[in-house]
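Asker: My questions will all concern the structure given below.
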Amino acid sequence: MSHEIVPVDPIDVPSTSYSRPILGPREDSPERATEFTRSLTFREHVSSEPFDSERLPATLASEIQRFLRIANLVESEEPRIAYLCRFHAFEIAHHMDRNSTGRGVRQFKTSLLQRLELDEEFTVRRRKEKSDVRELKRVYHAYKEYIIRHGAAFNLDNSQREKLINARRIASVLYEVLKTVTSGAGPQAIADRESIRAKSEFYVPYNILPLDKGGVHQAIMHLPEIKAAVAIVRNTRGLPPPEEFQRHQPFLDLFEFLQYAFGFQNGNVANQREHLILLLSNTIIRQPQKQSSAPKSGDEAVDALMKKFFKNYTNWCKFLGRKNNIRLPYVKQEALQYKTLYIGLYLLIWGEASNLRFMPECLCYIFHHMAYELHGVLTGAVSMITGEKVAPAYGGGHESFLADVVTPIYMVVQKEAEKNKNGTADHSMWRNYDDLNEFFWSLECFEIGWPMRPEHDFFCVESSETSKPGRWRGMLRFRKQTKKTDEEIEDDEELGVLSEEQPKPTSRWLGKTNFVETRSFWQIFRSFDRMWSFFVLSLQALIIMACHDVGSPLQVFNANIFEDVMSIFITSAILKLIKGILDIIFKWKARNTMPINEKKKRLVKLGFAAMWTIILPVLYSHSRRKYICYFTNYKTWLGEWCFSPYMVAVTIYLTGSAIELVLFFVPAISKYIETSNHGIFKTLSWWGQPRLYVGRGMQETQVSQFKYTFFWILVLLTKFAFSYAFEIKPLIEPTRLIMKVGVRNYEWHEIFPEVKSNAAAIVAVWAPIMVVYFMDTQIWYSVYCTIFGGLYGVLHHLGEIRTLGMLRGRFHTLPSAFNASLIPHSTKDEKRRKQRGFFPFNLGRGSDGQKNSMAKFVLVWNQVINSFRTEDLISNKELDLMTMPLSSEVLSGIIRWPIFLLANKFSTALSIAKDFVGKDEVLYRRIRKDEYMYYAVKECYESLKYILQILVVGDLEKKIISGIINEIEESIRQSSLLEEFKMAELPALHDKCIELVQLLVEGSAEQLQVEKSEELHGKLVKALQDIFELVTNDMMVHGDRILDLLQSREGSGEDTGIFMRVIEPQLFESYGEWRCIHFPLPDSASLSEQIQRFLLLLTVKDSAMDIPENLDARRRLSFFATSLFMDMPDAPKVRNMMSFSVLTPHYQEDINYSTNELHSTKSSVSIIFYMQKIFPDEWKNFLERMGCDNLDALKKEGKEEELRNWASFRGQTLSRTVRGMMYCREALKLQAFLDMADDEDILEGYKDVERSNRPLAAQLDALADMKFTYVVSCQMFGAQKSSGDPHAQDILDLMIKYPSLRVAYVEEREEIVLDVPKKVYYSILVKAVNGFDQEIYRVKLPGPPNIGEGKPENQNHAIVFTRGEALQTIDMNQDHYLEEAFKMRNLLQEFLRNRGRRPPTILGLREHIFTGSVSSLAWFMSYQETSFVTIGQRLLANPLRVRFHYGHPDVFDRIFHITRGGISKSSRTINLSEDVFAGYNTTLRRGCITYNEYLQVGKGRDVGLNQISKFEAKVANGNSEQTISRDIYRLGQRFDFFRMLSCYFTTIGFYFSSLISVIGIYIYLYGQLYLVLSGLQKTLILEAKVKNIKSLETALASQSFIQLGLLTGLPMVMEIGLEKGFLIAFQDFILMQLQLAAFFFTFSLGTKTHYFGRTILHGGAKYRPTGRKVVVFHANFSENYRLYSRSHFIKGFELMILLVVYELFKHTSQSNMAYSFITFSVWFMSFTWLCAPFLFNPSGFTWEIIVGDWRDWNRWIKEQGGIGIQQDKSWQSWWNDEQAHLRGSGVGARCLEIILSLRFFVYQYGLVYHLDITQSNTNIIVYALSWVVILATFFTVKAVDLGRQLFSTRKHLVFRFFKVFVFVSILTIIITLANICHLSVKDLLVSCLAFLPTGWGLILIAQAVRPKIEGTSLWEFTQVLARAYDYGMGVVLFAPMAILAWLPIISAFQTRFLFNEAFNRRLQIQPILAGKKKNR
């Protein structure tokens, strides 16, 4: 053919008109009778609009979208081809859904048919051939020729590569259409998408590796390691013949064989094929390279992968005592093939397992059987049972593995998850992922069989009508496991249905496995019983010692004291008995799956515990003070050794503990015993712990063990010394005094007057101390965490470069540090130790073996600075000041430092030289002392020389310039510069040089304008003449030598005649054609850059000392520089580095801010306005980069998209995260370039080489693709595409912008099966091609994946599309930086470091919180989070060895985790904090988690109080669920004692300590309330003289430590001190207190304790979306009330009432100072809990806003609720939702709730006896009469409410009279009582304090018993009363706000402390707040 196809613009051949019938099946087609037929009405004009190919019905999109896209692509040049493609799409759609039952199918068919009718006649006329078949062949062959002609080219640029890809896509689609038309098979044959694509010649969509024939010429396929890996996978020699599997062609590779053998999906096979090839290639390249060892490296790579993939499987087999089924032949080549097949089989199982991936041992079970079948198939083994060849039980059929293996187990998981009832059901009622997986830890799992027996108990799912006797229990029945044809499988609508017949009697629900998650605070004791027993026994010992007044530890060995102390073992026995009872109670519901030996052991242990509980007390009581003594000859404190029978018993009792102690000191032996499967060791370990698959062998090395043991010994010694001296010992004497006092006259009716020793008073005094005793270890941990974390940071060079000044001072060491850390070393350099930290590097030099090392640093530095400019952190001027010139001089070691280092240095040198008097050597040393000054002087001199050499071209002028230069250099050599030159004239010369260079710069800009150029030429000549005269006349002492040269020229001219002398030009002046200076200068970028740099060197002043001005740029540069001095692994070459992926889950969060969102002002100020004020410098830089002056100019220039990006990159958006993570790819390409490029390429520049050197650029892309993959799991992308959501387009735009980005999503669509729509789910991976999303892989799922917490399943479905050996988890509100991405290959080398016994499996990274720069709350939150992710995790990793996974930027050993359950857990509710469970799981499975501080990732946090509180609530909920989880229980039981302490205090212990610190306040206050109201306090003061108890003051002080946030405050200050300096840290800490940080932390304490405690008791944990809004906005009063009413306001009022009552009735003999100290923190807490939401609410004291809030509050409180009314609209709806946690509560939790509510009745009981009206009567009748008053009050309230219902609408006047009557009656009663019974005003106040808590207590009790009273009038009255209470509390809270709002100064003060950080940065907060008020 003579015409060439251009793919973007399809072929244009002169058209010839032919007539043609409508395309359809041929006449002889069997489908003709049933095919679609319709007459088309022809029209004359074709539509110019492309048909919408994106919004298609979900049921059809995957099958027809490619045809419609290609039609749109070729329509302009080949309209008939477009028509045929659309008609073909229509036929497929009609065949798939003939009755149009799918959603949207009918509409789609109608619109497409209309388009076909419109296009038919016009396209026939435009047809160029006689028939449609010929037309198709013509275009198809044209594209085919283009592909053949250009497909082999290797050096295509991007545009040519895109054209070739488009050509392949078009040819592939045309091939399908042509094949259908010519074969006449009808659309039925083409409906199977996969089979047609398999036949396509040209284009198969691929992810990274184009494994089809068309991809062999791509650069990545030419890498030797890829070729080797492909060869391994394609080695099909020796496989069974394909005919055995109904295949007529040889197998393409091993994966195709596995697919046909076991029935895997095509998409899964294609995905895992590429997966394994990439894994193999990356492993091969890292093998030691030897000559002729390519096959050997392949063997070693496969062996390495085998070891990683099957480590868990082989351990599982060993644990169960089964031989593994990985059987290898002896022939080496065959063994390699077998190994590859086993790895491929596991990957295919894993890739299709869907939610079963959370169950790793379930996958082991499946693989175990399939590996056996695979071996049988490969060897041709014959079954002993059937006598036939071994065949896969589930093989052969289409998708048979999914249907027959995965789906039955998935259905069990799904049905069990449904029983969770959205988190309200008790955990014991359903099996979660762990329960189902742990069933495979026992040999009983093999009873399931293979093929699996559907009647097995494992598949039995309890009915939803739970567990009533005789109830039918449902069981999932699955179809019989037989091979079926594809059609039969498609006809099966249900893979599992509930059997309608009664199951067999033996079928039963197995219940929980190994553990039951029970909601109880006892779970904390059970999980950490050793710790609690230790603290209880220590407390008992300390009390005994205090009673004996022990002052020295040696006194304990006094016989009597020692014997008393030994009584602690009686307590120990009791505690073990309690533990044994709890174990049986808590595991009762797991008894069905518990081995019989385990049941026996539990009973035996309980029996032994009961026996010791009896024996020890009996022996102790009988042998007390009865000793048998022995005397020794040693004169020591052991000179007399006495013992008793009790001591002998204790010795026997402690035998087991002694063995544990010995094993503790030899961790290797204990680890071997735990992990060994030998029978003896099984027996030895059987008694201690239940034999579980996980939790064994977690011991650390002796060095690590010593470090954390030493840490905890210090903590415990400090804690016990403090507790003994300040808490316990001071309490002994007051206790004895209290016990001696006899109380006769109580001030109330004492219920137990006969109790001796004032036991209640002793409890009231001791209880707060006990609470603090159990809590204050957390405080001491925080103190030592600060000390050790700070010491560790100093030793690891943290904060070595903190400021710009320090950066400038150390900048000369950065090149050497950079090359030592980030540049791969040659073989010679690998042995050389890198210099670190405090030792200087070679100034500006790399290693001797790499002369270009400095050039590499310069190139990377400039890339980093350019990225700053791209991100608008710096301006164009700052860019010039910070970049370093890259020229050939760098290779010779001449360094040209960035100008911001040299700022003011040259002018300072001039000032020094100008007035200097002395010798040259002294001046030289003075200038040389400042290296940057020396470099500045030297560079200015060399630059001036260089410019003059180019500028001056006249012979005489050149001689003069050379003469001057020679004079200068000669004087320097002879040290006579000060003698030969007058330095005083240097400033004048400086000014003239500036003038000269400015003219040169101006000339280069104006060189196109001739007239302007001539004018500048004249000025330039004059400037040169001025310089010449200044130097020769004023500066040079012997300037006459230079003048002689000039005069000699003039003298030589006399011989030529007077005429010639007259016309001779002046020096530097041009005449005619003769030019003395070359101006304009040559058009050279490097020359222009050098002139510009010279000008900056001459002109830049002190202002450049603050470059860069942007704070974030400063921080990033400082950290990057500091990290170069930290200990990090050597960098490998990119080709040898570990490959990795990044995975980001995304739900419905912002991707990019839309234009409307940017400018919308509905709820507050617009986002763009906010951004302009918060980031003013970055906005200015952005405008400069865009070349615009303001926002309006941007809009006029059409740069709205750039504006959207700029704003989105400053919010918490997905686009920001994607941009940051794609820096990893950019960094890898640059590093690969540095690895491969020669010196000339480096000097040319990375970007220039990438554009010009296509083969090198293709190779860089190939390496980057092989090493890095980024997958974003957009859960809703499919639904968004279908609905036309703009978010879908935003995601597509991201893929187009970053071509290597991949998006995974779940598609839910309806498929028509037997004319019935059925929901089917697919996991899909897409990429962007030609502006559209193109599907790469499609894997069918067994059902909806989101049956758990959501986010883990979102990660789980996408993890199969990730690649590499490592996986980094990144949230969508994170950021990354180019300079940090350079360190990724160093970080990945950590996996190859073996620290201790195990290599790391999770690498922890530090985070920078980037949202703390504006509001004070955001500042507090960022500092709090920063301290946790730095100093906190630093200590957790080393020395404590208990760092887990906390989400965000951690890097996983990918293969380790995909074979052990994934990177998170997903069971509903219990795994609410899904991330941390990955860390628990890793630790329990003997993984190792480290923390690395040399690399950081950005992280966003919430910035408003409400958002922060929701986040805190979510974390507290998650921690409460962790408390009752099996993971925490096993860690607590399996760790050694000191590591267990670390685990507790760094996980749930922090929250439990916070809870008991608050409980301690309640105990103290209620204890004091008891003492005051009962009259005991008065008696104790008067008779026992008990006044101030120091221990109580200590207890309250300890509580205040937690309350005021010092647990996080101390580490925070230390970390700030390390990174910014301790003076700044102290200043920040003081400033935080002035900004009410104590209020914030006290308020946060209330949030944590409320949600932690409530969730443990009642459940109700749920994910709480915070919104992550970028704008800090005002929250209205009703919103604050809903959020904080029950968590803070109620408790705040309760504390305040307690304090008021105590203040009213306390006895004044107490010291006022002591009382103030004790109660201050409580007053502060109550005030904070009531007021903080309003103090931290922007514009919270603005009158206009206050008025609006009051209206909204009244509307909300009065609105009636109902079905569908949200809680933000109605008080009643909110009130009902607020009790949701009680609906799923058990009887025990409800009873405890009632018991806790009884505390509100204490007020009434105590206060009624202190009324004047009672006249000191303490009879119980007084209390009874008080209830009469309460009932009368309730009756009155009910009467008024009833009257409102009856009369308020129609008989309003009657209702008013009724209210007047009630009011008068109450007033009359009060007056009567005042006159007759002496009722006083104080009585009325006290009555309110007494009766209000009682009413609230009744409401709480009614809520607890709601199921019993709901629907009765009592419940209706409860609602009325609760509304009244809420209204009253709202009024009390609102009144002070309204009063303060009248004072303008309050609002100004609030704005100042809320936004102080912004004021410090001079940001414009007032316009933002003003904008908010305006837009309300």
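Even glycines carry a Cβ here, placed using N, Cα and C.
Quantities reported herein were computed from a predicted structural model and do not represent experimental measurements.
Just lifted these from Swiss-Prot, have a look:
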TOPO_DOM  1-530  topological domain 'Cytoplasmic'
TRANSMEM  531-551  transmembrane segment
TRANSMEM  566-586  transmembrane segment
TRANSMEM  603-623  transmembrane segment
TOPO_DOM  670-707  topological domain 'Cytoplasmic'
TRANSMEM  708-728  transmembrane segment
TOPO_DOM  729-759  topological domain 'Extracellular'
TRANSMEM  760-780  transmembrane segment
TOPO_DOM  781-1544  topological domain 'Cytoplasmic'
TOPO_DOM  1566-1595  topological domain 'Extracellular'
TRANSMEM  1596-1616  transmembrane segment
TOPO_DOM  1617-1620  topological domain 'Cytoplasmic'
TRANSMEM  1621-1641  transmembrane segment
TOPO_DOM  1642-1688  topological domain 'Extracellular'
CARBOHYD  N1676  N-linked glycosylation site
TRANSMEM  1689-1709  transmembrane segment
TOPO_DOM  1710-1715  topological domain 'Cytoplasmic'
TOPO_DOM  1812-1819  topological domain 'Cytoplasmic'
TRANSMEM  1820-1840  transmembrane segment
TOPO_DOM  1841-1856  topological domain 'Extracellular'
TRANSMEM  1857-1877  transmembrane segment
TOPO_DOM  1878-1884  topological domain 'Cytoplasmic'
TRANSMEM  1885-1905  transmembrane segment
TRANSMEM  1929-1949  transmembrane segment
TOPO_DOM  1950-1976  topological domain 'Cytoplasmic'
Asker: Could you tell me how many residues in the topological domain 'Cytoplasmic' (670-707) are helical, how many are strand and how many are coil under DSSP?
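Answerer: Per-class counts: 20 helix, 0 strand, 18 coil.
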Asker: Below 8 Å between Cβ atoms, which of the listed ranges 603-623, 708-728, 1689-1709, 1929-1949 makes the most pairs with the transmembrane segment (1885-1905)?
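Answerer: Most Cβ pairs under 8 Å with the transmembrane segment (1885-1905) come from 1689-1709.
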Asker: Tell me, how many other CB atoms lie within 10 A of the CB of N1676 (N-linked glycosylation site), whichever protein chain they belong to?
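Answerer: The answer is 20 other Cβ atoms.
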Asker: Can you count helix, strand and coil residues in the topological domain 'Cytoplasmic' (1878-1884) using DSSP?
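Answerer: Counting residues per DSSP class in the topological domain 'Cytoplasmic' (1878-1884), I get 4 helix, 0 strand, 3 coil.
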Asker: Mean pLDDT for the topological domain 'Extracellular' (1566-1595), as a whole number?
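Answerer: It averages 76.
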Asker: Could you give the number of helix, strand and coil residues in the topological domain 'Extracellular' (1642-1688) as assigned by DSSP?
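Answerer: Across the topological domain 'Extracellular' (1642-1688), the residues distribute as 29 helix, 0 strand, 18 coil.
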Asker: Can you say which of 531-551, 1596-1616, 1820-1840 has the most Cβ pairs under 8 Å with the transmembrane segment (708-728)?
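Answerer: So the stretch in question is 531-551.
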Asker: With DSSP helix as H/G/I and strand as E/B, how many residues of the topological domain 'Cytoplasmic' (1812-1819) fall in helix, strand and coil?
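Answerer: Tallied per class, the topological domain 'Cytoplasmic' (1812-1819) gives 3 helix, 0 strand, 5 coil.
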Asker: Who are the long-range neighbours of the topological domain 'Cytoplasmic' (670-707) in its own chain, taking Cβ under 8 Å and residues 6 or more past its ends?
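Answerer: For the topological domain 'Cytoplasmic' (670-707), the list is 315-316, 318-319, 321, 361, 438, 441, 514, 597-598, 601, 605, 656, 660, 663-664, 1396-1397, 1438-1439, 1441, 1481, 1483-1486, 1530-1531, 1533-1536, 1538-1539.
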Asker: DSSP helix, strand and coil counts for the topological domain 'Cytoplasmic' (1617-1620)?
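Answerer: Grouping H, G, I as helix and E, B as strand yields 4 helix, 0 strand, 0 coil.
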Asker: Under an 8 Å Cβ to Cβ limit, what residues of the same chain, 6 or more beyond the ends of the topological domain 'Cytoplasmic' (1878-1884), are close to it?
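Answerer: Here the qualifying positions are 1811-1813, 1815, 1870.
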Asker: Counting only residues 6+ away from its ends, which parts of the chain sit with a Cβ under 8 Å from the topological domain 'Cytoplasmic' (1617-1620)?
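Answerer: Contacts of the topological domain 'Cytoplasmic' (1617-1620) (Cβ under 8 Å, skipping residues fewer than 6 from its ends): 790, 793-794, 798-799, 802, 1431, 1626, 1628.
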